[in-house]
Structure formats: structure tokens, C-alpha cells
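A short write-up of the structure that comes next.
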Amino acid sequence: IVKLLLGYKETDIKAVNRCDETAFDIAEKTGHLEIASMLQQHGVQSARAIKPAATNPARELKQTVSDIKHEVHYQLEHTLQTRKQVQGIAKRINKMHSEGLNNAINSTTVVAVLIATVAFAAIFTVPGQYVDDPNDIPPGDSLGEANIAPKPAFIIFFIFDSIALFISLAVVVVQTSVVVIDSKGKKQMMAIINKLMWFACVLVSVAFLALSFIVVGKDEKWLAIGVTIIGTSIMATTLGTMCYWVIRHRIEASNMRSIRRSSQASRSRSWTMSVMSDSEILNNEFKKMYAI
């Protein structure tokens, strides 16, 4: 359109508006460099080049206000577009968090049921013979009692296995009875339940190791000792690594909160700053994947 208008002889290439601007000035101010170059090729000059001596304080003030208004409008439009993009990213990340939490809840429920099943079955399938003949009960024993019942290893196994059983059942009851909609509430509940499942796994491991000393017998105790060393190393490494990530996340989250408080106290609440704050929050929320 500009090129066609410039092709007419009737077009006044020196025309200025009320702000004392030519078409070239407006094109430069609005950032249309291609149109500005086209105007310059057809002889359209800046108002200053046409009227270099024109000095009107009122007009200059009006021009300055117009420039500031245009710049503010451009900044607001750019900020709105950036904010929409940030909000879109936030929605996607929140959806990922929600799906991850739901998967973790389902997985924890399945694991709790498995641990409860194994712990329940282990108590009634202990190795060794039982007193099952009512007419032939050895002195000091009772009907249905296992021969290994008085041994300390069996007592450790029975206590730890029972605690693991009831912890798993408690987790199953909570998971099937409590419905949490809020994302923060889900994270808090999952953090507590996961620690309980860690504890239950440790109890089941100790119960297994205690019973292994009875199963292998006195002559093959080295097998039980070897299994104890291997199992303890694996569990200690796994739980130690998980605790390291949890503690590291807590420290990073605390540092981020301190930085955010200090930055919010020192800066003005502009739209641009709010977008920066949103991006920081998204970063922090992404790191919370390690919270559980």
C-alpha cells in the first residue's frame, strides 16, 4: 500500500501530523524498518530535516509523551504475550505433576498391598516343624507352636514382620479412604506415606535376615552373614541416596525462598517482574520432583 501511494504524484511526501511527524518518523518510531527504507528511497525525509529550526517546547513535550505512551503500550503487549506463554508452560507442568502424583499414589498402594501380603504369609509359613499332635506335646511347648519360636532370631523376625504388616495395612487404609484434590496436600501425604514404606521395607529386610540365620543352620552361618552384608549394603546405599536427594532438595528450596523474599522486597511490582517471578516459581516447582 505504501509503495502504491508513493507512486502517485499527488502524494505529499512532506506532510506532517499534529505531532510534527512525517511518515518516515512514524515508520522509524513503530519499528517498521522496511517501510522506513522504502520511504527514504522515495525522498521522504524526517521532520527535523525538513524543519530543522522548529523548536516548540509544547510540541516537543507532546512528542515526548507520545513516544513514552507508545513504548509503554509496546511493553505491555510484549509482557502479555510472555505471560500467556508462561501460564501455558505452568499448566503443562502442573498437569505433569498431577499425573506423576497419581502414578505415585497408585504405585504406593500396590506396593503396600504386596508388603502386607508377604508379611502376613511369612508369619504362618515359618521354617521348622510344628507341634501338631494333641497326644504328643513336648514339655514346655503348646499345640501349633513352631520349634524355633523360643529363639531370639525368630522373635526379631516376628516383631519386625508384624510391624511391617500393620504399617502396610495402615497405608492401604489411608490410600483407599482419603481423597486429596489439592496438589500440595497430595505431595505432603505422599511424602509421609513414602517414608512409612521405606520403614516397612527396612523392617521386612531385617525380618528376612534374622530368619535366614535359623534357616541355614549353625554349620552354614557364613551364608547368612554374606547375605546380611550384601542386603545391608544395598538397602543402606538406596536409602542413603534417597535421603541425600531429599535433604538436597530441602536446602535448595529454602535458598530459593530466601532469594525470592529478598528480591520481592527490593523490586517494584511491575508486570515484567511478575513474569520473572512466575518463571522462578516454575523452576522451583520442577525441582520439587525430588521432594517425595
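Each residue, glycine too, has its Cβ placed from N, Cα and C.
Positions annotated as domain 'PGG' by TrEMBL: 99-215. Residues or ranges marked as transmembrane segment in TrEMBL: 104-126, 153-175, 196-216, 222-247.
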> What is the number of residues in the domain 'PGG' (99-215) that are helix, strand and coil, as DSSP sees it?
Replying inline: 85 helix, 2 strand, 30 coil
> In this predicted model, what is the average pLDDT of the domain 'PGG' (99-215)?
Replying inline: 81
